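Feature list (source: TrEMBL):
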DOMAIN    20-134  domain 'GtrA/DPMS transmembrane'
TRANSMEM  21-42  transmembrane segment
TRANSMEM  48-65  transmembrane segment
TRANSMEM  85-104  transmembrane segment
TRANSMEM  110-133  transmembrane segment
Amino acid sequence: MNKLSDTRTIFLPLFLQIFRFGIVGLTAAAIHISIVILLVQYEGLEPLAANIFGFAIAFQMSYWGNRLWTFSDAAVLHRVALPKLLLVQIVNFLANESLFYVFLTLHLPYPIALFLVLTILPVFTFISSKLWVFR
């Protein structure tokens, strides 16, 4: 084998996994943001409260999308992966809600604040999912 094919063999699967994770994440983020905006605009909830609902629903889409597509080659059982991802997502949610609160206290509009939060935290989620949850 030459160096180019070795590089492809090593990096192509990782690239595809990151790409799939990104698609699942963008879909989950779109669901999350949409739910928050709908609950704030039409139900009158405070953004931090609406964020709880958005996060909970997006979590389910994220779990199943990553389990069935991003990390589909992982042989980990659902009863093992789900509690692990739930723990990762609890930590993620605490960071999410904390950053969201900080951005809101800086008087950023809540959609922009939420967008910023949802672009910062996925790196943690990918690394912990790849190295622990779906392993």
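Using N, Cα and C of the backbone, Cβ positions are placed for all residues, glycine too.
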For the transmembrane segment (48-65), find every same-chain residue at least 6 residues outside the stretch whose CB is under 8 Å from a CB in it, and list them.
-> 23-25, 27-29, 31-36, 39-40, 82, 85, 89, 93, 96-97, 100-101, 104, 114, 125
DSSP residue counts for the domain 'GtrA/DPMS transmembrane' (20-134), split into helix, strand and coil = 99 helix, 0 strand, 16 coil
Residue numbers, six or more beyond the limits of the transmembrane segment (85-104), whose CB comes under 8 Å of its CB atoms | 47-48, 51-52, 55, 59, 62-63, 66, 110, 112-114, 116-118, 120-121, 124-125, 128-129, 132-133
By Cβ distance under 8 Å, which residues at least 6 away from the ends of the transmembrane segment (110-133) in the same chain are close to it?
-> 17-18, 21-22, 25, 29, 32-33, 36-37, 40, 47, 51, 62, 66, 70-71, 76, 81, 84-85, 88-89, 91-92, 95-96, 99-100, 103-104
